[in-house]
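Feature list (source: TrEMBL):
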{"type": "BINDING", "residues": "LYS14, ARG15, LYS16, SER17, GLY18, LYS19, ASP20, ARG139", "note": "ATP binding site"}
{"type": "BINDING", "residues": "ASN167", "note": "substrate binding site"}
Amino acid sequence: MAQCPVEILIFSGKRKSGKDYVTDIIKERLSGVCSVLRLSGPLKAQYAQDHNLDLSRLLDATEYKEKYRADMIAWGESKRSADPGYFCRIICTGPGSEKPIWIISDARRRTDVEYYQTEYPGQVKTVRVEADESVRRDRGWVFTSGVDDAESECDLDETNFDLVITNNGDSELLENALTDLIEDIRSKLAV
Ligand SMILES: Nc1ncnc2c1ncn2[C@@H]1O[C@H](COP(=O)(O)OP(=O)(O)OP(=O)(O)O)[C@@H](O)[C@H]1O
């Protein structure tokens with residue numbers, strides 16, 4: 001059962017900037033009061049339900065999934081264009097939404113951010129994880145045409161974020177940024 005969150009941290013960043021790495025640390029330190037919610041999560045579940053498919057087979061790395069991949073992506077896009085808040089809304093009542101702090105770890109579009117800013121005014125903090133291209137490359141990133149230049153990767157490029165976390169491998173710098181952020185979250189929980 002969902003409750004009204006105290007704060008929603010909306011994370012975004014380029015591929016291999018370290019979004020999962022950073023959000024995992026925050027979740028661990030705020031254990032018990034924080035959930036990581038993924039916008040990509042309900043897509044497969046909803047697609048399977050609407051199309052009467054086997055979700056477990058859709059989630060594993062089989063040909064079954066490959067058979068539906070293109071159609072599933074197109075279905076996701078059509079849902080979003082008809083209703084930009086479609087997936088945003090689903091995760092607000094899904095598993096983890098009972099926790100007071102939500103981390104949305106895979107925001108990709110301005111409409112994702114706008115949805116939460118409209119529905120939860122004053123409770124949203126946008127956080128950008130940044131890493132230099134050379135660092136991202138060292139982590140396995142390879143520029144892929146059609147992916148890295150697609151709207152899903154670039155739509156938030158010009159956004160002004162409430163907080164930018166630099167994740168270039170300087171652990172002290174990262175630690176300081178995380179400590180400040182976590183202190184700020186704890187102070188909101190204490191009110
Ligand atoms: N500060 C760091 N110190 C050590 N390793 C890191 C750091 N940040 C990220 N990594 C490592 O870099 C790799 C990519 O990080 P991560 O998966 O968090 O990126 P991402 O932004 O979530 O990527 P994608 O968008 O492709 O899912 C992982 O193996 C992760 O452990």
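Each Cβ is built from the backbone N, Cα and C atoms, and glycine gets one as well.
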Filtered binding-site residues, from LYS14, ARG15, LYS19, whose Cβ is under 6 Å from an atom of ligand 1: ARG15, LYS19
Length of the line joining the Cα atoms of ASN167 (substrate binding site) and ARG139 (ATP binding site), in Å: 12
Candidate with sparsest Cβ neighbourhood (10 Å radius) among LYS14, ARG139, the listed binding-site residues: ARG139
ATP site span - longest C-alpha distance across LYS14, ARG15, LYS16, SER17, GLY18, LYS19, ASP20, ARG139, in Å: 13
ATP site shell beyond LYS14, ARG15, LYS16, SER17, GLY18, LYS19, ASP20, ARG139, criterion: Cβ within 8 Å of Cβ centroid: GLY13, TYR21, VAL129, ALA131, ARG136, TRP141, ASN167
Chain-internal residues, separated by at least six, CB under 8 A from LYS19 (ATP binding site): PHE11, SER12, GLY13, SER105, ASP106, VAL129
Cβ-based isolation winner (fewest other Cβ atoms within 10 Å) among the binding-site residues ARG15, LYS16, GLY18, ASN167: ARG15
C-beta crowding around ASP20 (ATP binding site), within 10 angstroms: 16
DSSP state at LYS19 (ATP binding site), helix/strand/coil: helix
DSSP three-state assignment (helix, strand or coil) for ARG139 (ATP binding site): coil
